[in-house]
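Q: Take a look at this one; I'll ask things after.
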Amino acid sequence: MLLYVTDYLARFDSGFHVFQYLTLRAILGVLTALVISFVVGPPMIRRLKFVGQPVRSNGPTTHLCKAGTPTMGGALILVAIAAATLLWADLSNRYIWVVLVVTLLFGGVGFVDDYKKLLAKDSRGLTSRYKYFWQSVIALGVALFLYFTASVAAETELIVPFFKDVAVNLGGYYVLLTYFVVVGSSNAVNLTDGLDGLAVLPTVLVGGALGIFAYAAGHSGFAQYLGIPYIPEAGELVVFCGALVGAGLGFLWFNAYPAQVFMGDIGALALGAALGILAVLVRQELVLFIMGGVFVVETVSVMLQVASYKLTGRRIFRMAPLHHHFEIKGWPEPRVIVRFWIITVILVLIGLATLKIR
């Protein structure tokens, strides 16, 4: 929005041309989202105290003391991301609208889930059937839109990391891949969001890394040099990634152990979907699988636990997702959180290394 204002003012003062630079607008997106989080956060948390989070009766006993902690704090993240993006991004860029709409719609699904938990005082929330139905509708809708509006072949190709010039033409399978990446990423982050700050910092790290991929993919010179596909509209996603980083760090200020507020599904489902659609837009789905390894392992632990119990009557882990397994083994919550953060830092660095190792 402000890009149009600065474009007009540049007619009278050339100094306003500085706002054309993506890097500056990305930094301003980070700072804007951060300031919004710090300003809006405290009063929002005070209001949310009237709607405390019910705690699962079958969860770790150490979590019982968290009953009543305000939830739905993800609304703060969405407000900060949306405001910062709308202020500093080029709103004529279709990718900006795609990532914003997907993030907010998945946040809407999460809001309904959280609302049902709070209204009925039931920690289970929205039934899985309805949750997956609406997630599927949104994901398939955006996948079809992107498939039919693709302007270059690279937009629907699967890029294989670590190998130079290896791209698989997906054709119609692009829609299926996009669906699984967006829905899978959304639910993976949601499963990981079980400890204070556990999900939000990895989301920030992965989102920031995807911003680097977006900047490189949107610049023809960098894309050619690094051997990644050039996607003309991808560069503007750096502003959204900046807003995500700022909003995530701002929320972490209140969500760090011991948490003053929980993200809730409104935040976790939205952030996971944002990472998924970002990876799709910059054609780095496989790299997302690497960088988001913590999310992947958490999800796989649940799948293995359910499958093992149904097939053999035995559980592989003491409790799933995996972070609860370590809690029950006696690890203090902060230790689990920080070690998962460290693993994410390592995985993100490996993901970024794919830019050069080909």
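Using N, Cα and C of the backbone, Cβ positions are placed for all residues, glycine too.
Sharing the feature lines straight out of Swiss-Prot:
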TRANSMEM  21-41  transmembrane segment
TRANSMEM  71-91  transmembrane segment
TRANSMEM  95-115  transmembrane segment
TRANSMEM  133-153  transmembrane segment
TRANSMEM  166-186  transmembrane segment
TRANSMEM  197-217  transmembrane segment
TRANSMEM  234-254  transmembrane segment
TRANSMEM  261-281  transmembrane segment
TRANSMEM  286-306  transmembrane segment
TRANSMEM  337-357  transmembrane segment
Q: Does the transmembrane segment (197-217) come near the transmembrane segment (133-153), with 3+ Cβ pairs under 8 Å (pairs 6 or more apart)?
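A: Not in contact, no.
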Q: Please work out which recorded stretch in 71-91, 95-115, 261-281, 286-306, 337-357 has the most C-beta pairs separated by under 8 angstroms from the transmembrane segment (166-186)?
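A: Ranked by Cβ pairs under 8 Å, first place goes to 261-281.
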Q: Residues sitting near the transmembrane segment (71-91): Cβ under 8 Å, six or more positions beyond its termini, same chain?
A: 1-4, 25-26, 28-30, 32-34, 36-37, 40-41, 44-45, 48, 51-53, 97, 100, 103-104, 107, 110-111, 114, 117-118, 236, 239-240, 242-244, 246-248, 250-251, 254-255, 261-268, 270-271, 274
Q: Using Cβ atoms and a strict cutoff of less than 8 Å, what residues sit near the transmembrane segment (261-281) while being 6 or more residues removed from its termini?
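A: Contacts of the transmembrane segment (261-281) (Cβ under 8 Å, skipping residues fewer than 6 from its ends): 41, 45, 48, 53, 69-78, 81, 95, 98-99, 102-107, 109-111, 113-114, 125-126, 135, 138-139, 142, 146, 177-178, 181-190, 192-193, 199-200, 203, 206-207, 210, 214, 231, 234, 237, 240-241, 244, 248, 251, 254-255, 287-288, 292, 295.
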Q: Who are the chain neighbours of the transmembrane segment (95-115) in space, where the CB to CB distance is under 8 Å and they lie at least 6 residues beyond its ends?
A: 71-72, 74-75, 78, 81-82, 85-86, 89, 125-126, 131, 134-135, 138-139, 142, 145-146, 182, 186, 190, 233-234, 236-237, 239-240, 264-274, 277-278, 281
